[in-house]
Amino acid sequence: VLIIAVLFLTACQLTTAETYSRGRQKHRARRSTDKNSKWTRECTHSGGACNSHDQCCNAFCDTATRTCV
């Protein structure tokens with residue numbers, strides 16, 4: 001009877017651990033998606049306002065006129 005009780009408790013712990021890790025994996029995937037969406041941004045086309053080169057689609061900002069060239 002003692003052996004059966006130990007096996008039952010072990011099985012319960014394994015099932016709980018598996019369920020817990022699945023829940024964490026869902027959250028981990030969701031966080032990864034959120035991070036990727038933060039990195040995705042639109043660029044400013046030629047003639048649009050800019051402050052630095054990284055804002056322009058063609059990667060060149062005329063700082064004198066503050067427009068993408």
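First residue shown is number 1, and so on along the chain.
Note that Cβ sites are derived from N, Cα and C of the backbone, with glycine treated the same way.
Which of Cys12, Cys43 pairs with Cys57 is settled by Swiss-Prot: its disulfide partner is Cys43.
For Cys50 (disulfide bond) paired with Cys56 (disulfide bond), the C-alpha to C-alpha distance reads 7 Å.
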